[in-house]
Ligand SMILES: Cc1cc2nc3c(=O)[nH]c(=O)nc-3n(C[C@H](O)[C@H](O)[C@H](O)COP(=O)(O)OP(=O)(O)OC[C@H]3O[C@@H](n4cnc5c(N)ncnc54)[C@H](O)[C@@H]3O)c2cc1C
Ligand SMILES: Cc1cc2nc3c(=O)[nH]c(=O)nc-3n(C[C@H](O)[C@H](O)[C@H](O)COP(=O)(O)OP(=O)(O)OC[C@H]3O[C@@H](n4cnc5c(N)ncnc54)[C@H](O)[C@@H]3O)c2cc1C
Ligand SMILES: [Ca+2]
């Protein structure tokens with residue numbers, strides 16, 4: 001960094017080794033090194049500049065994205081980056097592009113659902129980007145309810161082909177990223193129909209555009225679905241609409257790993273277990289959770305640094321004003337988000353382990369932990385993405401007026417992030433799935449079937465129903481077991497209360513519908529327990545580095561006690577804690593904030609984000625905010641001329657009382 | 001409306017007279033008629049089209065705004081609209097413009113702070129728009145802390161002028177709307193300095209641009225501060241930066257109603273009470289609260305109609321799927337927002353009364369209710385704007401993926417609305433002011449000084465400290481007095497608990513800082529009580545129309561019980577209610593949702609919004625969502641050509657493995 005470091009005093013105050021914390025954050029020294037190297041590579045290459053993109057019109061913005069995608073691919077080849085490095089590169093470019101879907105959804109779908117033969121044919125083309133693919137599931141009329149998709153793939157035994165067709169307007173594919181303008185191929189989900197029989201939704205590889213001139217193939221109508229939320233943000237992506245008019249594809253383009261259609265048109269299941277698809281789902285959701293920690297930590301980094309730069313009120317006899325980070329209200333809004341970023345990081349790390357565990361078990365045909373793993377990842381996806389979306393917006397507000405400027409980086413971060421609450425499963429729909437799993441688990445408790453994984457605590461039903469917290473002083477709340485027991489008891493009792501209430505209805509399904517809002521709350525309580533417990537587990541590991549573990553212990557307590565305070569009604573109404581204990585927790589929380597304060601800047605430095613990646617004048621590493629805000633302002637196109645375009649036609653006639661004759 | 005009304009069955013189910021509800025919503029028959037007439041005027045005039053604006057670049061967008069502002073002014077003159085009608089017209093155009101600040105801040109500032117002479121000179125010019133003004137208070141370095149502004153206005157007795165100067169970078173004016181490109185004049189806030197003495201911040205009328213050629217006057221550097229959050233949204237506004245280099249203005253351009261500088265440079269206070277400024281503040285905040293109900297109701301209208309159109313899951317044997325509005329989780333998220341929109345409407349109406357009351361008292365030199373009125377409006381501004389911002393985003397999520405499209409109208413509504421949480425007082429800073437007032441009120445309880453206005457309930461201290469709710473069945477929660485007592489007891493006990501905790505600190509100020517997060521919660525509890533109690537008061541009026549009052553009673557209960565459920569921890573920890581009573585409230589809430597359900601569409605129809613004003617494909621009156629979504633998509637500039645700009649340079653070389661030689 002050149003020039004003055006306005007935040008140096010803050011950095012000097014830190015009570016721990018930042019470099020060691022960077023390793024913890026990254027997951028390993030190796031992961032840190034890759035990430036650090038690639039981040040610098042992107043940051044130092046002017047081809048990846050992004051500070052101008054919020055003023056670009058849609059077409060320019062899209063072209064800009066195409067250029068970056070091509071340039072990135074060129075660099076990946078030139079530098080012989082491996083898969084992980086290439087992934088990091090794309091993520092540090094920080095501009096959603098068709099390549100995200102190609103690598104993140106199209107390729108994995110073929111890997112997961114294609115036969116060996118299909119993989120051999122299609123993957124090499126995809127790996128070299130000789131074809132570009134998208135993932136086309138959602139339709140205008142159906143998103144959450146995948147089983148309700150309307151596109152049809154009808155087998156024609158005469159020609160050994162499927163006929164892909166959009167029978168209604170609502171059956172148009174709608175939303176797939178990369179589809180609108182770029183993809184040459186797609187994995188298309190459609191109802192398989194053989195001999196008049198509907199076999200439900202299956203995946204098909206369909207070529208969409210000519211590899212010669214990029215024009216849509218006959219029978220295909222395809223385009224972009226239009227502007228989306230925010231400046232730049234997801235408008236760099238060509239989410240698309242797609243209508244099929246009896247498009248024919250060879251039979252071998254149905255993804256046939258799990259089920260097949262024979263030459264005769266017979267529908268047969270292979271001996272590959274259907275559950276395999278869950279493995280992919282766990283993988284994708286693990287990525288989403290880890291992306292949540294990234295997005296939240298970026299916002300927190302910006303808001304924390306700016307809160308240390310920004311001073312407002314509190315000057316006495318000419319002394320400087322108070323840094324707003326010193327206000328307890330600012331701390332009470334900001335530090336729980338800082339703690340959440342770390343919490344989500346660690347639960348994301350644990351999900352990586354879970355994915356490996358599930359994969360291993362699948363290979364050994366052990367499906368026993370699958371339903372639990374499925375519910376748990378659904379819940380964590382929902383919890384972390386919702387908290388992150390809200391958290392980014394809170395960080396924006398924490399920056400006062402200046403947070404509303406695009407140059408703060410926060411508006412775009414919010415707009416580009418929020419769809420994570422909706423895609424890969426609407427967050428409420430996912431929590432309802434978690435709730436179903438919890439109700440099933442509770443109902444089986446008497447039966448001797450022991451709950452597994454993250455629901456294992458329910459096995460201690462008797463204890464959890466009757467335990468009462470023995471917190472007597474504020475500092476008792478620092479003991480991990482005390483916290484854990486309170487969260488377990490609360491989650492369990494909320495689930496049990498729901499289960500009890502369900503029995504009052506004439507049918508369980510009616511009860512589930514009626515009580516679904518309560519069930520969602522019980523699911524949230526369960527998911528919060530998971531995050532808290534994984535944070536605590538993380539701290540049982542050996543963590544080297546001066547002061548590093550202590551800082552994480554503080555953050556872990558902040559995360560747990562913040563949740564406890566926010567939801568103290570749950571803890572009180574279920575009798576897990578007393579009002580006095582709740583207020584002791586709050587007291588402890590306040591004192592923890594004071595402990596975080598001197599380390600706050602270093603704790604966000606540990607994310608190791610470059611100024612390029614942060615893309616925020618307010619979050620600059622050097623804290624040199626004001627001159628840069630001022631500089632940025634003048635770059636707006638409106639400042640190209642002193643007198644704005646439109647003045648002569650519209651403003652002058654108004655000022656000169658000559659509107660009557662003006663052509664408007 | 002032409003064509004089919006897909007929502008007709010919903011409308012037929014309504015159990016009340018929608019036309020009468022429209023009157024209640026508008027405030028009076030007269031208000032309804034004005035509003036309805038002007039809304040139609042705007043909607044039917046193609047010059048006010050706004051469906052294309054999210055794809056415009058900054059310059060085009062700004063020019064588009066200038067055109068609309070001029071055209072609107074032309075129409076206002078042609079149609080001889082009165083002040084109220086003109087205001088409605090500007091608001092239905094629904095595109096922030098410099099005229100908002102001219103009429104909403106510049107003119108009122110001169111009216112409120114100018115002497116009679118000054119008003120006579122400047123107001124006629126402003127009324128005819130021969131000058132265009134802005135309100136320039138905030139600087140790069142100071143927003144919340146107005147007393148910390150750095151711009152100076154130094155009196156030069158030699159020339160009888162003030163010298164306006166920006167001594168530092170952080171003293172640049174920053175944010176004022178209309179300043180960037182348009183305003184010819186501004187009310188500029190600066191430290192008044194006479195004879196070396198600093199008299200604090202005062203307002204000055206300063207000409208900024210030449211009335212001949214619109215160029216900035218000598219010594220003035222002015223421009224736009226750049227892109228802000230969202231598509232179109234506030235980017236139609238030229239929020240500006242302004243730097244003064246010793247700019248001279250005549251002495252009589254200091255706004256001198258409350259204090260003056262004489263020809264000799266003597267600073268004197270007039271006999272006009274300083275408190276007068278509070279009147280304006282109450283007025284401005286009343287507007288903000290009523291705008292909150294408008295913004296929230298727009299979002300709720302969109303989400304409610306779309307939730308009745310959208311079907312997902314639940315098809316049995318080919319029956320249509322379930323309308324998502326029938327899911328309890330959807331209801332539990334949506335209906336409290338619907339109830340909040342009505343609640344904010346009525347509290348806004350009450351604030352109009354409060355403003356008149358305060359004005360009357362000021363004229364009679366009765367300042368006794370001012371501090372309470374000031375705190376109460378600060379709190380209501382904070383409460384309603386925060387809830388509205390969060391509520392709009394929740395409505396967007398309630399629309400699933402399609403809510404993320406600009407054509408849903410929700411992204412822009414969110415982005416244009418959120419700064420209301422920051423401007424006219426940062427919401428947390430305002431709540432801290434409320435808390436200060438509450439602590440003062442509590443501390444004076446013993447002294448015989450009776451609390452007034454919205455704090456009057458604190459006069460019943462003894463009762464409120466010991467009462468316990470006598471709710472025994474769910475339906476007891478429908479009794480207004482039961483609800484009111486619970487909210488009063490909770491708010492009071494939270495304030496008292498804070499007051500008690502404050503005494504534990506060595507100084508009250510230290511305590512206030514330390515406990516500020518708790519104090520904010522107490523302030524929120526107090527403000528929620530105000531909204532609930534004003535809703536209840538509204539229902540004590542005579543409200544004509546079949547079923548109208550019943551619907552409002554249901555919404556009032558929904559609002560109160562939703563808050564009670566959300567904050568049940570407060571009610572439990574203060575011992576106002578028992579866990580059983582809390583769960584009875586929740587049970588009652590659920591049954592209220594079922595009562596809202598058949599009336600939901602009619603309750604949003606009562607807002608009487610035109611499709612133009614809503615600006616949402618999802619919120620269309622006729623529910624004809626899907627064909628229109630499809631149509632809208634094709635209008636995106638990216639669909640101008642089938643093969644996108646950039647394909648040949650960037651995509652083709654990638655597909656053809658010819659990147660190495662490509663110029664990127
Ligand atoms: C930016 C973005 C990118 C996307 N990319 C892709 C892509 O590449 N490929 C692709 O195929 N799709 C993509 N999608 C689509 C996405 O997967 C869907 O939007 C998502 O699955 C949600 O479905 P939906 O939109 O139908 O929501 P809906 O299901 O219509 O949700 C509307 C409301 O109904 C509620 N609801 C629905 N069902 C229930 C129920 N059973 N119980 C209670 N409440 C219910 C929801 O909670 C929500 O509040 C993308 C979407 C976005 C926004
Ligand atoms: C769209 C928009 C339009 C505007 N239009 C105008 C205009 O026309 N004219 C004009 O003059 N101004 C305008 N403003 C400026 C606006 O009034 C200020 O942004 C607002 O007053 C907030 O001040 P700030 O930005 O300095 O926030 P800060 O005070 O810097 O807030 C930053 C953070 O510090 C916290 N904080 C600050 N003080 C305290 C404290 N004492 N205790 C605890 N926490 C504290 C806040 O809660 C916040 O989290 C506009 C702003 C916006 C966004
Ligand atoms: Ca443009």
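The backbone N, Cα and C atoms fix where each Cβ goes, glycine too.
Predicted automatically and left uncurated, TrEMBL annotations should be read as such.
Straight from TrEMBL, the features:
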- A:424: active site, proton acceptor (ACT_SITE)
- A:138, A:177: FAD binding site (BINDING)
- A:17-132: domain 'Acyl-coenzyme A oxidase N-terminal' (DOMAIN)
- A:278-439: domain 'Acyl-CoA oxidase C-alpha1' (DOMAIN)
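Feature annotations (TrEMBL) mapped to structure.
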residue : record                       : Cβ contacts under 8 Å, 6 or more apart
A:138   : FAD binding site             : A:173, A:174, A:175, A:176
A:177   : FAD binding site             : A:96, A:98, A:100, A:101, A:105, A:134, A:135, A:237, A:238, A:239, A:240
A:424   : active site, proton acceptor : A:284, A:285, A:288, A:381
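Per DSSP, the domain 'Acyl-coenzyme A oxidase N-terminal' (A:17-132) is made up of 90 helix, 0 strand, 26 coil.
Closeness to chain B is evaluated for the recorded positions A:138, A:177, A:424 by Cβ distance, with values under 8 Å counted; counted residues in sequence order are A:138. Per-residue pLDDT, averaged along the domain 'Acyl-CoA oxidase C-alpha1' (A:278-439), amounts to 96 for this model. When secondary structure is read from DSSP and collapsed to three states, residue A:138 (FAD binding site) falls in the coil class.
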